[in-house]
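Q: Pasting a structure here, questions to come.
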Amino acid sequence: MTDATLALPSRTPPVRQTSTMVFLASLAVFAVIVTILAQQGVISTSFVKTLGKTLCLCLAAVAMDVVWGYTGILSLGHMAFFGLGGYAIGMWLMYARTEALVAPGLAAQPIPPTPSELQDAIGSQIFGVVGSSDFPLIWMFADSLFLQMAMVVLVPGVLALVFGWLAFRSRVTGVYLSILTQAMTLALALYLFQNDSGLRGNNGLSGLQNIPGFEDAPQSAISLAFFWASAVALALGYLLFAWVVSGKMGSVLRAVRDDEARVRFLGYHVESFKLFAFVLTAVVTGIAGALYYPQAGIINPAEIAPIASIYLAVWVAIGGRGRLYGAAIGAAFVSLLSSWFTGGGAPDIDLGVYTVRWTDWWLVLLGLSFVAVTLFAPKGIGGLVDLLTEKRRPERQGDYGPDKGAKRSEEGVE
Amino acid sequence: MHRILIAILAVLTLIPVAGRAQDLQTILQLHTEEVENPGRRSVGVVIEDLIAARLPAVPVFLTHWQDREIVLNAEDGQFYALVDEDGDTATIRNLDTGDESEVAGDSLTEVRPNGGVRREIAAALVRFQLSDENPANRRAALDAIARRPDADQIAPLTASIEDEQDAAIRADKDRLLNILTARYGETTEARVEAIERLGGSITSDARAALSQILEAEDRVSAEAPDGNIAQVYTPGDQISRTEAYGRLVDAELAPAPVSGGAIRDALIANIDGGMVLDIPVELLDTDAQRRAAYDRLAQAGRVPPFVTQDRIDAALDSHSFYAVYEEEDAAVTDAARATLRSVETQVSLNQTADLALDAISLASIYFLAAIGLAITFGVMGVINMAHGEFIMMGAYTGYVVQQIVPDYTWSLIIALPLAFVVAGAAGIAMERLIIRHLYHRPLETLLATFGVSIALQQLAKNIFGTQARPLTSPDWLSGQMVINELVSISYIRIAIFVLAGLFLALLLFILKRTRLGLEVRAVTQNPGMAASMGIDPDRINMATFGLGSGIAGIAGVAIGLYAQVTSEMGANYIVQSFMTVVVGGVGNVWGTLAGASLIGVLQKGIESLNPSNTLAAQTYMILFIIIFIQFRPRGIVALKGRAAGA
C-alpha cells in the first residue's frame, strides 16, 4: 500500500495548511473573546453554555464531514454515537451525584451503610421514576469516572465497528447504507425509549449540569470550563481529522468516495478504509456528545431519533462538504441561527393580513433554504471562501459524492 | 283449637292451594310474615309457591319486590305495588287486577328485602325470564346465569330448553346447561360427559368453567400428601428450595431465616454507647462484619440464631409440598385436565389465526405506505424523503373534504381521488422544481427532499395546528367482523387490505400492460436509448413521480381512517417504508409486497411474544432487517441481469 498507484500529493503537515491554521487561530481568538465577555458579564451563563454546545456540534459535524464529505458514506446515524457518548458520561454524572446526595442521609443512621445498602439507595433514587430500584448490568461501571470515560470511546467505537463491518463487508453502499444507518439509530432510539432498557426510558438522564466534586463552583465557572474543554476538543479533533484527510490516507478516502470499484481494483482494501473512517468519526462524535450533554443538562432517547442525524447532514451540507472548516461553520451557523429563530429572537414580520412568527415559520425557511443550497450552491457556505481566494481544485471539479456525479464533469457544476 | 286446625289444614293443602290459587294475593296472604319481613332462608318457601302458581303477575311482583316497591296496606292487610308517593297520599296498584287507587301514606308499610333476599329474588326472576316472550329478556337471563353460575339454576334451565323456539338461544341454553352440569352436576358420569362436551368450545366461559374445576391450592404438610392431588412439588425441582422454605415459613412450620434487614434492626437495637457488644459501630459497614456481630449476639442469647443450612435442609426433607384440587372427584379433574389441554390447543390455533389477520392487515398498511415509494425509489431510483409528507397531505385532504361534505360515505368517495390529485400534483411540482436537477445524485436528492419534508411538515402544523385531527370512517366501515370469540378483524382493516390488493393489481397492470408502463420501464433501464426511440424521458419521469406520489396520497386517506391525522404521521412511516422497499428488493412491485408481508408478519410475531412492549418489537424487527440486508443486500426479490445495474 506504500507504493500507491494513485497520484498522491506530498503530505503537508496539518499545522502548515493555511485553512487549518486560520481555523485554529480563529477558534482561539473566539474562545478568548467569549471568556473575556463572560467574565465582564456581557454574555450570560446560558449563552456561554449555548456556545459550548455549539462547539461540540461543530466537532460532530467535522467528523460527519470526514465520513461523508471525504469518504462518501452518508451516515444518517452519527447522532446515535453522539447520544451514546452522552449517555456514557451521563451515567457516571448521575450516579456520582446521586451518591453524593444519598450518602449523608445513610451515614446519619445508627449504623453505617454497607456497600450494597448504599447502592440500593442510589438505585431506588435513580430508577424510582421507571418503577424499579435495581441497577441493570450496564451500570456496572457507573461508579468509576475512568471506566465511564472509556465507555465514551468504546461504546460508539464498538457499535460502529460491528455495524460498519457488517455493512461494508456485504457491500451495502450509497442510499442503502444511508437507510441502514438510519434504521440503526431508529432501533437504538426505540430501544432506549423502553422503561426497562436500564437507562430510564423516555425520562432519560437528568441533572447532568451538576458536576460531582464541584458542587460549590458556580455554574458560570463550570460553563466556562466546559466551553474551553469543548474548544480544545474541537481543536484537537480538527487537527486529527486534518491529519487523516491529508496525505495518502486522505487520498485513498477521497478515491473511495469518487469511485469505490476502481480503488478496489487498484488493490486497496476499500472496506478497511471505510471502516477506519466510520469508527474513528464515531468515536470522535461520541466524545463530542460526552462534552455536550453535561452542558445541556439532560439527555433522553429523542436526542438520537433519526431526525437528529439528518440535521447533522444538513449542517455539513450547508457549511460545505469536503472541507473541514465548512462543516464546522455550517454547524455553528445553522444551529445558532436556529436557536435565534426558535427562541423568539427574530422579529416577527407583519404582512398586514398575516403575521409571520418565526417560531412557526423557521423550519419552513430552513427546509426551503436547504433545498436552495442543494440545488444552487452545492459547495455551501464554504464555497464563499473559494470566491474570495479564487482557489479552484481542478482535479476534483464537481464531485460531491460517491455517485455518478464524480464521473460526469457536467454534473454539479452550476 | 280452630286456629290450629286451620293451620294444619293449610299446611296439608299448601301445594294444592297454591296450585289452585286464582290470584297472587291469596298466596301472599299465606306467607304474610315471610313477604313482609323476609330472611334469606325463609324466602325460599314463598318463591317456590309463587313459581308453582304459574301466574303472569308473579314476575311483575318479583320485580317490584326486588326493587323495594311493594307496600303492605294496613287498612286491608293486603300487598300492593307502590306507584307514586306524594306527601300524605300515595298511589298504589293492585297486584292482580292492576287497578290503581289512592290511599293515605301513613297506612302503608314498605317491604324492604335485604341484599341477600334480593339476590334470591333475582335468581327466581331469571327462571321466569328464561321463558319470557321477549328474546332479549331470555338472553339477559342467560347472561345473568353465566355471570353467577349456581347449582340451583340447572333445573329451571333444563325446564326452559324444551319450549325454546329460537334456535340460537336454544344453542346458548344448551351450552350454558353444559357448563353448569360440568361444574355442579349430580353424578360423576354426568359431569365427565358434560366436561367432554366442553372440548369443542373455545369460548371464555367454557374455559373459565374448566379452570374453575381445576382450581388447586398449594399445601405443605409433615405427612404424605392426601386428597385429590394436582401436583407434587419436589424442592429444587418444580420449585426452588428458597421458595419451598418460604412456604414452610408461611405455614408457620419453620422459623423464618434472618434477613439483612432483620440483622440491621437487631444490631441497631443492641447498640450501647457506640458499641455492639465490644464491636464499634463504625466497623459494621459490610455484610460480613454485620453477620459476625449478629452471630455473637445470638450466642449471647439476645437475638434468635441464624437458621443454618442444615436446619433448612432437614425441614425441607421432612415435609411434602403439593397442590390439591378443591374438587374432590379425581375422575372429574382428570377429564377437565384432558379437555382443557385440547381446548388450549384449539385456542392457540385460533390465536394464531387472529395474529395472522393482524399481521396481514399491518402488512397491507405498510404495503400501501411503501408502494408509492417503490415506484419513485424502486423504479426511478429517486430517494424521496418527503414521501411521508405526501401521505400526510392525502390524510389532510380527507380531513378537509369531511369538513365540507358532512356525509362520511360521500366525503370518502370524493376524498380518495382528490387525495390522489393533490399529492400527485405536489409530487409533480417537486419533480419539476427539484428532483429533475438532481438525477444521478441520489444522496443529494435525499437531502433536498428532506428539506421539502421538514418545510411541508411545519407548514401543515401552521395550517392545521399540532393537535390530531380525526378522519371519521362511515358507519359501514366501523365495527368489526367477529368470526369467533378469539378471531376478529375490523372492517377498516379489511378495507385497507382490499385497497392494497387493488393497488397491487392496478400498478402491475399499468407497468406491464400499458404504454405508459412500457415507457416507464424503458426509461428506467436506459434513458438514453429510450429517448432515441422517441420516448420523452422528462415526461415519463414526471408521470411516474406523479403516480407514486398520488398513491401515497390515497394511502394517507386509508391510514388516516384508522389512525389519527397529524403533521408527523408521514414521518412515522417513512423509515418503515424505506425498509419495506429495501427488504423487498428495489425496482419491483412484487418485492414491495414481499417486504411488506415480511415486516408485517415479523412485527406482529415479535409483538405476540411480549404484547405489552411494542417498542421492543420494533427494535428487534429493525435489528432483524439490518441483519437480513447483510445476507440479501438486494432484497428478497432481487433484479438480475442488466436491469440490476440500472
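Glycine residues also receive a Cβ, built from the backbone N, Cα and C atoms like all the rest.
Pulled the feature table from TrEMBL, pasting it below:
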type     : residues  : note
TRANSMEM : A:20-38   : transmembrane segment
TRANSMEM : A:50-70   : transmembrane segment
TRANSMEM : A:76-95   : transmembrane segment
TRANSMEM : A:145-168 : transmembrane segment
TRANSMEM : A:175-193 : transmembrane segment
TRANSMEM : A:225-245 : transmembrane segment
TRANSMEM : A:272-292 : transmembrane segment
TRANSMEM : A:298-317 : transmembrane segment
TRANSMEM : A:324-341 : transmembrane segment
TRANSMEM : A:361-388 : transmembrane segment
REGION   : A:394-414 : region 'Disordered'
Q: Counting a contact as 3 or more Cβ pairs under 8 Å, with residues at least 6 apart in sequence, do the transmembrane segment (A:175-193) and the transmembrane segment (A:225-245) touch?
A: no
Q: Are there at least 3 C-beta pairs under 8 angstroms linking the transmembrane segment (A:225-245) and the transmembrane segment (A:324-341), leaving out pairs fewer than 6 apart in sequence?
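A: Yes, since the transmembrane segment (A:324-341) and the transmembrane segment (A:225-245) share at least 3 Cβ pairs closer than 8 Å, they count as touching.
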Q: Under 8 angstroms, Cβ to Cβ: which one of A:50-70, A:145-168, A:225-245, A:272-292 has the largest number of such pairs with the transmembrane segment (A:298-317)?
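A: Per the Cβ under 8 Å count, A:50-70.
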Q: State, in range form, which of A:50-70, A:76-95, A:272-292 has the highest count of Cβ pairs under 8 Å to the transmembrane segment (A:145-168).
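A: The stretch with the most close Cβ contacts to the transmembrane segment (A:145-168) is A:272-292.
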Q: Excluding the flanking five residues on each side, which residues at least 6 beyond the ends of the transmembrane segment (A:225-245) place their CB within less than 8 Å of a CB in that stretch?
A: 13-15, 17, 20, 23-24, 27-28, 30-31, 34-35, 38, 48-49, 51-53, 55-56, 58-59, 62-63, 65-66, 70, 253-254, 277, 280, 284, 287-288, 291-292, 294-295, 324, 328
